[in-house]
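Input: a single structure, listed below in structure tokens.
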Ligand SMILES: CC(C)=CCC/C(C)=C/CC/C(C)=C/CC/C(C)=C/CC/C(C)=C/CC/C(C)=C/CC/C(C)=C/COP(=O)(O)OP(=O)(O)O
Ligand SMILES: O=P(O)(O)OC[C@@H](O)CO
Ligand SMILES: [Mg+2]
């Protein structure tokens with residue numbers, strides 16, 4: 001099951017805390033994207049997550065949950081993506097919340113469905129950077145070193161380069177991609193049209209398109225064809 005992420009080139013990330021109408025959801029799910037990732041950094045609850053899952057399940061596209069708090073964990077997703085922030089000094093975001101989750105719910109965790117992600121958060125203005133105390137002031141070599149820790153020391157299957165809300169430095173993403181051996185490199189942040197999608201797709205394995213879905217769906221849909 002975990003192998004399903006390997007060929008992904010394109011993912012739409014949908015936030016349960018934001019409105020999306022049925023027509024828009026149909027266009028997204030039928031767009032040819034490889035997967036829908038459900039997640040967000042705030043306002044995500046059991047109720048809004050279960051509602052979005054049920055609506056996405058009308059379509060055949062794989063649907064995975066990116067867990068950012070325990071309240072949002074709903075059974076029935078294809079996979080559960082578990083972020084571990086590489087570039088923070090606050091160990092709660094590396095292993096702390098995870099240890100608590102396993103201590104409390106270990107008996108019911110479907111381990112074969114969990115996919116850990118080594119997050120490298122690089123946009124200092126994003127909610128997620130502020131929430132996790134991410135050390136975003138890294139050059140390409142420093143960011144690539146975190147990627148190698150995730151890939152070569154921790155054997156994480158995904159390195160997620162996160163510029164949530166702004167289009168990042170593609171030289172840094174390229175350097176990260178070149179420096180990992182086994183992990184798949186996901187890139188997310190500021191992809192809003194075919195051009196930004198193609199630029200990012202050239203330097204990573206999988207692009208993730210989030211806010212653009214809500215800001216300009218027509219342009220967001222063009223990102224699929226741009227990378228296929
Ligand atoms: C029966 C059943 C299905 C059981 C499932 C059991 C299960 C999955 C258990 C979980 C096990 C486990 C180890 C859980 C970890 C728990 C946890 C809370 C970990 C912390 C994760 C973490 C590091 C969060 C930090 C924030 C982060 C990196 C979030 C990722 C998502 C993200 C970056 C969203 C960006 O949000 P966005 O809204 O776009 O941001 P902006 O507002 O800036 O746009
Ligand atoms: O919302 P955007 O900026 O597209 O970022 C996508 C994703 O990486 C957010 O976690
Ligand atoms: Mg967002």
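Cβ coordinates come from backbone N, Cα and C, glycine included.
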Same-site residue for sn-glycerol 1-phosphate (record: TrEMBL; known: 160, 161, 162, 163, 164, 165, 190, 210, 211; options: 6, 13, 228): 13
Secondary structure of residue 13 (sn-glycerol 1-phosphate binding site) (DSSP, helix/strand/coil): strand
Distance-selected binding-site residues near ligand 3 (C-beta under 6 Å), from 161, 163, 210: 210
Within 10 angstroms of residue 15 (Mg(2+) binding site), Cα basis - binding-site residues out of 161, 163, 165, 210: 210
